[in-house]
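Taking it in order: structure first as structure tokens, then the write-up.
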Amino acid sequence: MSQPPHRSGTTHFGFRDVPAGEKQKLVGQVFTSVARRYDLMNDLMSLGIHRAWKRYFTATCQVKPGDRVLDLAGGTGDIAALLRPRVGDAGTIVLGDINAGMLSVGRDRLTDRGLVAGLEYVQCNAEKLPFPDASFDLVTMAFGLRNVTDKDAALGEIARVLRVGGQARVLEFSEVRADWFKPVYDFHSFKVLPRLGRLFAGDADSYRYLAESIRKHPPQEELRTMMEAAGLSRCGYVDLNGGIVAVHTGYRV
Ligand SMILES: C[S@@+](CC[C@H](N)C(=O)[O-])C[C@H]1O[C@@H](n2cnc3c(N)ncnc32)[C@H](O)[C@@H]1O
């Protein structure tokens with residue numbers, strides 16, 4: 001189960017308890033280490049399925065031409081690339097990520113694809129966003145919330161920067177439902193992932209962290225409750241692939 005940070009001055013970093021103030025630095029080291037191999041590793045680890053998850057996630061977002069969108073933990077730009085056509089020439093997508101390396105890989109990839117106009121890049125911590133209240137129509141966060149030390153603070157910030165009627169969407173690993181699948185999933189997570197990490201990214205530890213952080217992340221109902229407590233309304237979720245990931249939605253009313 002997940003645990004709130006700061007209660008005892010510690011939080012989890014994967015399966016390890018660490019001082020809450022240190023998690024951000026440790027997560028930063030993970031993403032700085034994997035930034036250049038991040039896309040390849042995503043394809044290898046998920047057999048390419050992460051692309052379908054992201055397509056579903058963006059295709060079902062509430063967004064229209066001219067909207068201003070914040071893609072938090074925007075990392076390598078996958079979500080921004082998929083949403084870009086939907087906001088049109090009059091719209092803007094701001095990629096916000098705490099890690100300069102991930103943002104720079106994202107900017108290069110989007111630029112290589114000819115995606116320049118209407119995109120902004122801001123290095124920021126989701127727990128304390130440098131944007132005014134009510135400044136976005138949609139805030140997305142894909143595979144980012146799990147890494148944040150104070151998830152309640154990040155969800156509160158998402159609610160704060162949304163305009164009334166705006167939508168919050170979180171795509172994140174979640175809790176697998178089928179009991180028969182759990183051992184298979186555990187084998188993949190704890191045996192296969194670190195080996196893939198060592199072979200293709202020269203880094204087994206970061207991929208061990210990935211598997212552990214998924215197990216520590218709040219499962220579906222708990223995250224739904226957290227989003228409501230953060231000030232979002234009509235919160236709900238959809239499981240994909242039996243709960244390997246879940247798409248959470250909430251609104252600012
Ligand atoms: C697994 S990557 C996801 C990247 C991208 N959204 C995707 O789906 O491919 C997680 C990202 O979260 C970012 N991140 C971690 N903690 C963060 C925080 N507190 N605030 C903002 N971004 C954060 C990392 O730097 C990293 O780029």
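Backbone N, Cα and C atoms are what each Cβ position is placed from, and that goes for glycine too.
When TrEMBL records Asp97, Asn125, Ala126 as binding S-adenosyl-L-methionine, the matching candidate from Thr76, Thr111 it lists for that site is Thr76. In the three-state DSSP assignment, the secondary structure recorded for Asp97 (S-adenosyl-L-methionine binding site) is strand.
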